[in-house]
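According to TrEMBL, the protein has these features:
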- A:224: active site, proton donor (ACT_SITE)
- A:7, A:8, A:9, A:10, A:11, A:12: NADP(+) binding site (BINDING)
- A:124: NADPH binding site (BINDING)
- A:209: L-homoserine binding site (BINDING)
- A:7-148: domain 'Aspartate/homoserine dehydrogenase NAD-binding' (DOMAIN)
- A:156-329: domain 'Homoserine dehydrogenase catalytic' (DOMAIN)
C-alpha cells in the first residue's frame with residue numbers, strides 16, 4: 001500500500017516514526033507493505049513512488065525544516081499537484097487545522113477523492129465545516145474516508161460507535177474531548193490555583209498552545225462534537241449549531257464548592273439527536289467521566305449495550321499516529337477483500 | 001399497594017412524624033424500611049413505606065402533608081417524583097440580588113441549601129445550591145437558569 005503524507009509537522013513526523021516502528025508488524029500480521037511515496041509540507045515535497053527513506057526524511061526535516069531539501073527527490077511541487085500526479089493508494093492528511101473554513105485541507109481531501117485515493121485524516125477543521133460534502137465526494141469516487149484521529153486522538157470513539165457498536169441505537173455521546181482544559185481544571189482543583197496561573201504554566205510546559213483560545217473557549221471540543229454528530233448521528237450541523245461555554249470563568253472556589261457535594265467540574269461535550277452542547281458540568285467524583293490530567297474520555301449510551309466508556313490520550317504524535325495507522329490497516333483490509 | 005420512597009431529616013422523631021399524615025388519612029401501612037446506612041448526599045435518611053392502594057385525591061393530600069413536614073417524597077411506585085439538584089453558580093451572585101435569584105428558582109423548586117464564598121470584594125463569587133424539584137419541572141427550571149444567566153451574567157454549572 002502506497003501513501004502520500006500531507007503535512008509534516010508534529011503529527012506527520014509521528015506517522016513516519018510509527019510506520020518505521022511497525023513496518024515488520026504490519027507485514028507479518030496483515031501482509032501490509034506500507035510505503036510512503038511522497039511527503040509534502042509548505043516547502044514542497046519529496047517524491048519516490050518506490051518508497052522514500054523515512055529515516056532520511058525525518059533527518060532532513062529536523063535539520064533544515066524543509067522536506068523539499070530531501071536529496072535528489074526533493075522538489076518545490078505544490079501539494080495539490082503532488083496528490084494529483086503521484087501514484088498512491090491513499091493520502092494521510094495531517095496538515096494544520098482551520099476550523100473556520102477547513103482549508104486548505106478540504107481541497108487536499110477533495111483532490112485525493114477525485115484522483116481515486118482513499119483518505120485518512122486527523123484534521124477536524126474540514127470535517128467540522130464540510131462533512132457532508134467530503135463524505136459525498138468519497139462515496140461518488142468509491143474510495144474510503146476515515147478520520148478516527150480527528151476526535152480524541154488515540155481514543156477509539158468514531159470506529160467504536162460506527163463499527164463495534166453496529167446495530168445499537170446510540171442515544172448520547174458525552175465526555176471530555178480536550179486534554180488541555182482537563183489538565184487546567186485538574187490542576188486548579190488539586191492545587192487551588194486560579195485559571196490564569198494554571199494556563200500560563202500549561203503554556204510553559206507545552207500542554208496548552210501559545211494561543212489557547214480554541215481550547216479554553218470550548219471551540220475545539222465543539223468541532224469534535226460536530227464531527228460525532230455528523231458521522232455517528234447522521235446529522236448535518238456545524239460549529240454554529242453548538243451551545244457553547246468555555247472554562248475561563250471557572251474559579252478554584254467553584255471547584256471547591258463542587259467538591260463539597262461530591263462533584264468536580266469538567267468541560268463536557270454532549271451530542272444527541274436533538275442537542276449539541278459544550279459547557280462546564282458537575283461530574284460526580286466517582287463517575288467514570290472523572291478522568292484526570294490531560295486524558296480524554298467518552299461515554300457512549302446505547303439501547304442494547306447500555307453505557308460504554310472509553311478513556312485515552314487525546315493528543316500526542318505517536319498516540320494520534322496510532323489512530324491513523326488503524327484507519328490505514330482497515331483500508332488495506334477492505335482493499336484486500 | 002403503593003410504594004413510597006421518602007427522605008427524612010436525620011434527627012430523632014422524624015420517622016414517627018413522617019408516618020403521622022399516612023395514618024391520619026386512615027391508610028393501612030404494610031411495611032416500613034428504614035435505611036440508615038444509605039444516606040443521601042445531603043445526609044437524609046431514605047425510608048421505604050408500603051401502604052394500601054388509595055385514590056389519587058387521598059394520596060395527593062398525604063404527599064402534600066408530608067412535604068409540609070419537610071419530608072421529601074422522592075418516588076411513588078418507583079416513579080421518580082422529586083430530585084435533589086446540585087448547581088454551582090459563578091458570578092456577582094450577591095450584587096445581582098441573590099434573593100431575587102432564589103425566589104425565581106423557588107417558583108419551580110425549593111432552594112434547600114446555599115453555600116456562598118466571596119474570596120474578594122471585587123472578584124466573582126461562587127455558590128453551591130441544592131434544589132429539591134419535581135422531575136416534571138426540571139426543564140422549566142433549566143430555562144429559568146438560562147434567563148437569569150443572561151440577565152445577571154451568572155454561570156450556572158449543572159449536573160452532567
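Cβ coordinates are placed from backbone N, Cα and C, and glycine is handled just like the others.
Automatic prediction, not curation, is the source of TrEMBL annotations.
Keep in mind the model is a prediction, meaning the values are calculated, not measured.
Same-chain neighbours of the NADP(+) site beyond A:7, A:8, A:9, A:10, A:11, A:12, judged by a C-beta within 8 angstroms of the site's C-beta center, are, in sequence order, A:13, A:14, A:15, A:41, A:94, A:95.
Predicted-model confidence for the domain 'Aspartate/homoserine dehydrogenase NAD-binding' (A:7-148) is 97, expressed as mean pLDDT. Rounded to a whole value, the Cα-Cα separation of the residue listed as 'active site, proton donor' and residue A:124 (NADPH binding site) is 7 Å. Around residue A:8 (NADP(+) binding site), a 10 Å sphere centred on its CB holds 26 further CB atoms from the protein chains shown. Ranked by how many other Cβ atoms sit within 10 Å of their Cβ, the recorded positions A:124, A:224 place A:124 at the bottom. Neighbour counts of Cβ atoms within 10 Å were taken for the binding-site residues A:7, A:9, A:12; the minimum is at A:9. Classification of residue A:8 (NADP(+) binding site) by DSSP places it in coil, neither helical nor stranded. Across the structure, residue A:9 (NADP(+) binding site) and residue A:209 (L-homoserine binding site) place their CA atoms 15 angstrom apart. Geometry remark: residue A:7 (NADP(+) binding site) versus residue A:124 (NADPH binding site), CA distance 14 Å. Cα spacing between residue A:11 (NADP(+) binding site) and residue A:209 (L-homoserine binding site): 15 Å, rounded to the nearest whole number. The separation of the residue listed as 'L-homoserine binding site' from residue A:12 (NADP(+) binding site), Cα to Cα, is 18 Å. Separation of the C-alpha atoms of residue A:209 (L-homoserine binding site) and residue A:10 (NADP(+) binding site): 13 Å, rounded to the nearest whole number.
Following the DSSP three-state reduction, the secondary structure of the residue listed as 'active site, proton donor' is helix. For residue A:10 (NADP(+) binding site), applying a Cβ distance below 8 Å and a minimum sequence separation of six or more within one chain yields A:317.
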